[in-house]
Amino acid sequence: MPGQTSAVAVLLCLAVILHGYQIREKEFPEARGYLQYTATTTEQITAKPPLPLTNQTSHATLASRSKDDYIQTAAETSTFEDTAHITMKTAIPVTTKSLLPISSTSYTFVRTNNSHMTASSTEDTIGSGSITHLPFPTTRASLAAVNHITGRSTQLGGQTTLPKALFTPSHESTTTQRPTLSTIVSELTPTGKDRSTTSSVPLVPRPTFVTWSSPAKIGTYEVLNGSRLCIKAEMGIALIVQEKGLDSATQRHFNIDPSLTHASGKCGSQNSNLFLNFQGGSVNVTFTKEENLYYVSEVGAYLTISNTEKTYQGKSTMMMFETVVGHSFKCVSEQSIQLSAQLQMKTMNIHLQAFDFEGDSFGIVDECLSDYTVVLPVVGIIVVVLCVVGLGIYKIRQRRQSSAYQRI
């Protein structure tokens, strides 16, 4: 019983206190709470602007207040100089009404001007009607220092929060224009020696000649007529320059590198062309078709030497590498073509075909006579050697047989 009596007494006391609190709320609807917030930010940046700046003056006015709220701030004029320092101190005491817990909000202010600014010691009060008409700062940021200010805002039941942007530029303030794309590119583009770090396309040197002869690399060159082959050639090409001096004539050799050569051409029903272009020169081969035969009718070339900047060119008309249409022509031995008095072209291990193709492969192979002229003497020598060896063996056997008869 005593315990129950104590509990009833406690409940009655709580009811009386709650009833009195509600009566007080009705009589005094304005319950005051105070929040004092001070944010101090110090920023110092030393930078040298890309362009000389004239002396300019900027003012900043702090704005916003709701009912009994007030905000204090101060701003002094700033002078822009060639070498800029920023020292910014801002004290923002804020007093608001609050009955609810306080929440944290982070504010970020960005400045782009390289300036020397000291903010302190003025006070301004703004009516409640101007809060919703606060203009935002027009200053835009590009590669600038950033001040991080952490503030606190309170929310009342059924009321709006204070705006996050509280700074408005005065009519006398000078703002920085928005940087254009060309300005940003010019600032980020390296100048002077830094430009050497940019990548560049390597230049292929012009032909350099040697005084000795060496086998040329075999390359495969094709010309397409739509999706079908028109010309296909596998060969090694060397250009020889003959220079006549006061005492004697010297020859300089240049082998065409297939990896540095671009093949192109023109396909026709009677004439087709193969163009081989490389740094410092080119070669042109013309194929002509007559009835069921085709052949190489013209060869031309030009070449520029890198060290002397001399250009050699020539063209020769002939009828060579003749074969049947649909067949391919092959010649392993070297073939020399005199293009001019000072320019000569040599081909080696050549295998080519023009006009009619079946698929992407060569047709029936027709070999050149020069290959036969090389092979026939070799075959003749081998036959003679075999005959001599056979005669020697025959004589040795006859001698053995004659000695055996004498013993009997």
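Backbone N, Cα and C atoms are what each Cβ position is placed from, and that goes for glycine too.
The annotation disulfide bond is assigned in Swiss-Prot to C230-C267 (among others). Residues within less than 8 Å, Cβ to Cβ, of C230 (disulfide bond) and separated from it by at least 6 positions along the same chain comprise V223, L224, G265, C267, S272, A354, F355, F357.
For C331-C368 (among others), the entry in Swiss-Prot reads disulfide bond, with the evidence type sequence analysis. The secondary structure of C368 (disulfide bond), as reduced to three states from DSSP, is coil rather than helix or strand.
Residues annotated as N-linked glycosylation site in Swiss-Prot: N55 (among others).
Sequence annotations record features per position, and here Swiss-Prot assigns N-linked glycosylation site to N225 (among others). Taking all protein chains in view, 15 other C-beta atoms sit within 10 angstroms of the C-beta of N225 (N-linked glycosylation site). In the three-state DSSP scheme, N225 (N-linked glycosylation site) falls into the strand class.
Among the features that Swiss-Prot reports, N-linked glycosylation site is placed at N284 (among others), with the record citing sequence analysis. Neighbour density for N284 (N-linked glycosylation site): within 10 A of its CB lie 16 other CB atoms from the protein chains shown.
The annotation signal peptide is assigned in Swiss-Prot to 1-20 on the grounds of sequence analysis.
The topological domain 'Lumenal' feature in Swiss-Prot is assigned to 21-373; the stated evidence is sequence analysis.
Feature annotation from Swiss-Prot assigns topological domain 'Cytoplasmic' to 395-408.
The transmembrane segment annotation in Swiss-Prot covers 374-394.
According to its DSSP assignment, C331 (disulfide bond) is in a strand. A gap of 19 Å separates the Cα atoms of C331 (disulfide bond) and N284 (N-linked glycosylation site). The Cβ neighbour count for C267 (disulfide bond), using a 10 Å radius over every protein chain in view, is 19.
When pLDDT is averaged over the topological domain 'Lumenal' (21-373), the result is 63. The two recorded residues N284 (N-linked glycosylation site) and C368 (disulfide bond) have their Cα atoms spaced 21 Å from each other.
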